[in-house]
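Features of the protein shown, as given by TrEMBL:
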| type | residues | note |
| --- | --- | --- |
| TRANSMEM | 35-52 | transmembrane segment |
| DOMAIN | 36-364 | domain 'Acyltransferase 3' |
| TRANSMEM | 58-78 | transmembrane segment |
| TRANSMEM | 99-119 | transmembrane segment |
| TRANSMEM | 171-187 | transmembrane segment |
| TRANSMEM | 199-220 | transmembrane segment |
| TRANSMEM | 232-249 | transmembrane segment |
| TRANSMEM | 256-275 | transmembrane segment |
| TRANSMEM | 281-304 | transmembrane segment |
| TRANSMEM | 325-343 | transmembrane segment |
| TRANSMEM | 349-368 | transmembrane segment |
| TRANSMEM | 388-410 | transmembrane segment |
| DOMAIN | 473-695 | domain 'SGNH' |
Amino acid sequence: MTSAHVTSAPPAVATEDQVAPAVEETSGRFRPDVAGLRAVAVGLVLIYHAGVGFLPGGFVGVDVFFVISGFLITRQLVGEIGRTGRISLAGFYARRAKRILPAATVVLIATAVATWLFVARERWHDIGGDLLASAVYLVNWRFADRAVDYLAAGLAPSPAQHFWSLAVEEQFYLLWPLLIIGTILVARRLRRSDPRPVLWIGLLVIAVPSFAWSIIQTAASPERAFFVSTTRLWELAVGAAVALVAAHLGRLPRSAAIALGWLGLGAIVAAGFLVTTDSAWPGYLAAAPVLGSAAVIAAGVSAGARGPVAILGTRPFQWVGDISYSLYLWHWPMIVIAAARFGDLSVTQGLIVAAASFIPAWLTFKIVENPLRYAPAISRSPRLALSLGGNFTLAGVCAGMVLVLLSAAATPAESPAARYAPGAGVLIGQERRGGPVPERFAFITPEPLKARDDLPDTTADKCFQLMVLADLIYCTYGNPKGKTTVALVGDSKADQWLPAFQVLAEQNDWKVVVAFKGACAFTSATALTGDDPDKPYADCTAWNKALLARLLADKPAYVFTSQTSAKAADPDGGASVDAMVDGMQDTWGRLEANGSKVVVIANNSGPGFEEMQCVDAHRTKLSACSFDPARQEADLGFQTQQKAVAGHPSVKMIDMFDTICPTDRCPAVIGNVMIYRRSSHLTATYVKTMTPQIARAMTAAGVTVRYS
């Protein structure tokens with residue numbers, strides 16, 4: 001059954017001005033088409049998040065929201081200039097505070113409580129941090145950093161993830177009024193009564209670089225490009241541009257306006273059907289819903305009843321538009337937490353939860369949003385509104401902090417005996433694979449809920465390069481003047497073996513040089529992001545060239561490497577295993593010709609689920625967290641390594657899977673030690689206990705090594 005769309009893919013979000021019950025021109029005329037356009041965007045996103053497969057691009061609704069907000073905010077500010085000749089920053093931010101913060105804070109607090117009640121303890125710390133960052137409108141940058149950590153791929157999404165676009169808008173609201181004030185001052189110095197020509201220059205200064213950067217960043221790192229403000233500001237600027245020409249829109253011929261409006265609405269809906277999560281987004285593709293939204297808004301002045309308002313102005317669209325801010329705030333955490341509580345949601349279940357979110361959305365709109373927004377005392381006093389906003393922000397911060405503190409309090413302390421955990425040591429002397437999975441241990445180290453932090457030293461030492469950077473980071477462990485230089489290079493699956501290499505370095509007087517980069521296989525082939533031929537991984541390709549040059553200069557005695565990636569770019573287009581194999585063998589041949597012996601460490605598969613949460617929930621029945629060892633033979637990265645080694649006999653491969661999975665089903669714990677920390681990555685503790693077996697495998701591969 002198709003499951004609801006609850007993944008780590010970025011969700012969309014509503015914003016404050018998109019849900020005002022009355023959207024007015026500076027002349028005071030209500031714009032039902034703009035109000036109804038919010039309902040279109042809301043519908044796109046809700047259907048997408050419910051997991052309905054025929055609308056794979058429903059997330060384009062967030063781009064519609066950006067345009068609407070840019071239009072409304074600019075119209076408000078330009079209207080204030082027209083009435084008063086100035087902008088009151090205190091008044092502007094007071095209006096934002098009373099409009100945005102009350103409903104957002106209610107949802108943040110409710111999400112914290114629901115997380116505490118229904119979500120695994122292992123996630124409390126991260127979600128608490130997300131809530132805190134959401135309360136201060138920096139969460140989009142937090143998610144941008146997380147998005148480039150491909151180790152987080154496959155993890156359940158945050159119930160606060162939809163706050164990212166609200167953060168983008170708040171950052172725009174900090175910048176845009178100041179820029180407008182600056183243009184007013186410039187216009188006055190130029191003795192211009194109308195500041196709009198100067199304002200156009202300021203708008204272009206924001207929009208053009210932002211659009212260009214959106215294209216560049218999307219090509220380099222689409223995961224990061226989705227979240228960061230710099231790739232999204234142009235979308236708000238397009239809405240602002242419509243506001244600047246609003247006074248002239250009435251001159252559009254009615255027939256042209258009608259056609260423009262319907263074409264714009266069609267572009268939005270078509271994007272929802274045609275764009276997918278694999279599309280390079282936002283980039284230039286986002287221009288379709290962005291320009292479509294601008295067209296609907298621009299055409300509405302002249303199009304009249306025959307324009308899109310014929311649909312957008314109907315009562316259902318108006319009602320959904322009214323509650324859209326609260327609806328967006330509520331629907332996503334309800335879907336995510338329902339999935340955390342009951343498991344993957346079917347499409348029907350996803351739609352039911354999305355429909356249920358209308359209830360708290362309507363109540364929040366009636367009880368929280370409007371009463372505070374229109375309270376006479378608050379409306380008369382910007383100081384009171386700002387004070388109220390500060391208190392709501394503090395409450396949101398506290399909600400996140402409390403969840404973080406509860407996470408620490410709920411995590412059991414490790415047993416003092418944990419230091420004696422033998423891990424893979426219990427397997428020494430066992431020649432036969434098989435037997436049942438042990439069901440329980442007196443203690444487990446690292447504590448399951450802390451396993452994700454059981455990392456190699458490269459993380460703390462900043463010796464692991466991120467996906468979005470190409471600079472070579474080259475670190476040394478062991479004896480810097482050791483008699484034998486050993487290199488360990490590749491992606492995070494090479495990095496995971498460092499703890500054992502550090503032990504062997506001490507006993508063998510090795511100088512261990514390391515270079516690791518996220519999702520980057522060590523190959524001379526053109527790297528790809530996620531084996532996707534449409535997503536070249538330029539930073540990886542550049543990094544590999546620099547790494548190979550460094551290794552050829554250093555001439556290590558041994559070069560060990562491992563990887564997850566299976567495919568590389570074909571010279572004639574597309575992606576294939578053969579292209580990856582050719583690149584691997586080419587790299588190995590150049591190293592061998594330079595005097596280095598190359599050894600491949602077989603990629604190990606993982607369970608396909610997060611062992612941390614499973615072990616914490618099944619401490620007395622650990623077989624529930626086991627998995628079929630056949631996953632290893634099916635692993636594409638492992639198959640690619642086998643093919644490359646088979647065609648290059650001088651390179652040997654050591655396969656440690658029997659030490660990871662020695663029983664009939666692959667266990668989560670061996671010798672009191674957690675095996676996996678995240679996805680298929682091993683804990684540093686378990687790798688260290690594998691040192692005797694690794695040394696024996698190295699010897700069989702022709703490496704001179706001793707271990708005692």
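Any Cβ shown, glycine's included, is placed from N, Cα and C.
What TrEMBL says about a protein is an automatic prediction, not a curated fact.
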**Study point:** Stretch contact, the transmembrane segment (232-249) with the transmembrane segment (58-78), Cβ-Cβ under 8 Å, 3+ pairs
**Key:** yes
Check your understanding: In this predicted model, what is the average pLDDT of the domain 'Acyltransferase 3' (36-364)?
Key -> 92
**Study point:** Interface check, the transmembrane segment (256-275) with the transmembrane segment (171-187), three or more C-beta pairs under 8 A
**Key:** no
Exercise for review: Spell out yes or no: are there three or more C-beta pairs under 8 angstroms between the transmembrane segment (281-304) and the transmembrane segment (58-78), with each pair 6 or more apart in sequence?
Suggested key: yes
Review point. Which residues, given as numbers and ranges, are at least 6 beyond the ends of the transmembrane segment (349-368) yet have a Cβ under 8 Å from it?
Key: 3-6, 19, 46-47, 49-52, 102-103, 106-107, 110, 322-323, 325-327, 329-331, 334-335, 338, 342
**Study point:** Criterion met for the transmembrane segment (58-78) and the transmembrane segment (99-119) (at least three Cβ pairs under 8 Å)
**Key:** no
Review point. How about the transmembrane segment (325-343) and the transmembrane segment (99-119): do they have 3 or more C-beta pairs under 8 A, pairs 6 or more apart in sequence?
Key: yes
Exercise for review: Mark yes when the transmembrane segment (199-220) and the transmembrane segment (99-119) have three or more Cβ pairs under 8 Å (sequence separation 6 or more) and no when they do not.
Suggested key: no
**Study point:** Same-chain residues near the transmembrane segment (388-410), Cβ under 8 Å, at least 6 residues beyond its ends
**Key:** 93-94, 96-98, 100-102, 104-105, 108-109, 111-112, 115-116, 121, 124-125, 127-136, 372, 378
